[in-house]
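Listed in Swiss-Prot:
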type    : residues                                                               : note
BINDING : Asp22, Leu23, Asn24, Arg37, His60, Phe61, Gly62, Arg63, Arg119, Arg152 : substrate binding site
BINDING : Lys202, Glu324, Gly354, Gly355, Asp356, Thr357                         : ATP binding site
Amino acid sequence: MTFKTLDDLTDIAGKRVLVRVDLNVPVKDGQVTDTTRIERVAPTIRELSEKGAKIILLAHFGRPKGEPVADMSLKAIAPAVEEILDQRVHFAADCIGDKAANAIAEMNDGDVLLLENTRFHKGEEKNDPAFVTALAANGDLYVNDAFSAAHRAHASTEGLAQHLPAYAGRTMQAELEALEKGLGNPKRPVVAIVGGAKVSTKIDLLQNLVKKVDALVIGGGMANTFLAAQGVDVGKSLCEHDLAETAKSIIAAAAAAGCAIVLPEDGVVAREFKAGADNAVVDIKAIPADAMVLDVGPKSVAAINDWISRAETLVWNGPLGAFEIAPFDKATVAAAKHAAARTRQGSLVSVAGGGDTVAALNHAEVADDFTYVSTAGGAFLEWMEGKPLPGVDILHKQK
């Protein structure tokens, strides 16, 4: 895996550097409620600023469908960026044209300028050549630090890298290096944990993983679909009965590839989904007809932790149970803590990603102990599915 990084950028004082960042952060009542994505790109911005570059930030926010929408303006995000950088962040009311050009002309070396939402122009999502040219006119160099948007072939994520010398920012670099360790060229055995509610959203992912990992642990609601396909009565549990044949084909593909499929042996069942609901641990073949499985049971956790103990590499996407509500978080927390402990010992490379997964690891208070936790969502999932990522592929081509 070869691409240029900030290490390849020298003598950039006074140069205009267009930096694609991810500022698509949650906002409530005009305030940013989670600054994780801003914190992730801060090191790249600081490093470029210290080298004397003029840093021009490009980002999208929401889905404005190619025209200005007042409450999707990036102006509201600028104060949060300022606070994290501890540096003044200037703002331009457009990302191309005179408003952008005039703001850039007033920049001093080391300054940071945030341009308006790229998606206020239809050309962004269409990767329109004229729009790409207009964006490229604002810079001398291009840095992509938004892996989370790398699965989109948009003007600011892919088009610009064809017009300007292109480099990976520090977050992009860290993400790509972690993913290479996770699935690209991993230490074996490799174990994947895939959970979450539905098989239907993760068919491509499961079909790709069985070819690449030594064991695939299936948890969450999606495990019920696999169990039902094997003739287990899952009661009132969340289950996609119409995907029984898909589940069987994934099991067959795993067998052909020598990948062990690990399904729950026992489950925590309840008759209602609420905090503190009456619950019981039952054998997976003894689920009451009027109950639903909301977590995997202790026997299953022991088996999962045994696989984690044998693994050199762990890739995790999706919780094992309905972790948002106690006590149905126990399995996810136990497996996460075990993986974190082995990672701290230096015995395991652990890579995790996806919104629910990040929330679950934070809930277990172990996110910082994993080798890498991706905040990228869709891009992380598409990488796990083995799909090309245009924003990454173009960086490789430039090298």
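Backbone N, Cα and C define each Cβ position, glycine as well.
Quantities reported herein were computed from a predicted structural model and do not represent experimental measurements.
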By Cα-Cα distance, the member of binding-site residues Glu324, Gly355, Asp356 nearest His60 (substrate binding site): Gly355
Fewest other C-beta atoms within 10 angstroms, as judged across Asn24, Thr357, which are the binding-site residues: Asn24
Assigned element (helix, strand, coil) containing Lys202 (ATP binding site), judged by DSSP: coil
Sparsest-packed of the listed binding-site residues (Gly62, Gly354) - C-beta count within 10 angstroms: Gly62
Cα-Cα distance maximum in Å, computed over every pair in Lys202, Glu324, Gly354, Gly355, Asp356, Thr357 that the record assigns to ATP: 21
Whole-number Å value for how far Gly354 (ATP binding site) lies from Asp22 (substrate binding site) (Cα to Cα): 15
For substrate, whose listed binding residues are Asp22, Leu23, Asn24, Arg37, His60, Phe61, Gly62, Arg63, Arg119, Arg152, the greatest C-alpha pairwise distance in Å: 18
Of Asp22, Glu324, Asp356 (the binding-site residues), the residue whose Cβ has the fewest other Cβ atoms within 10 Å: Glu324
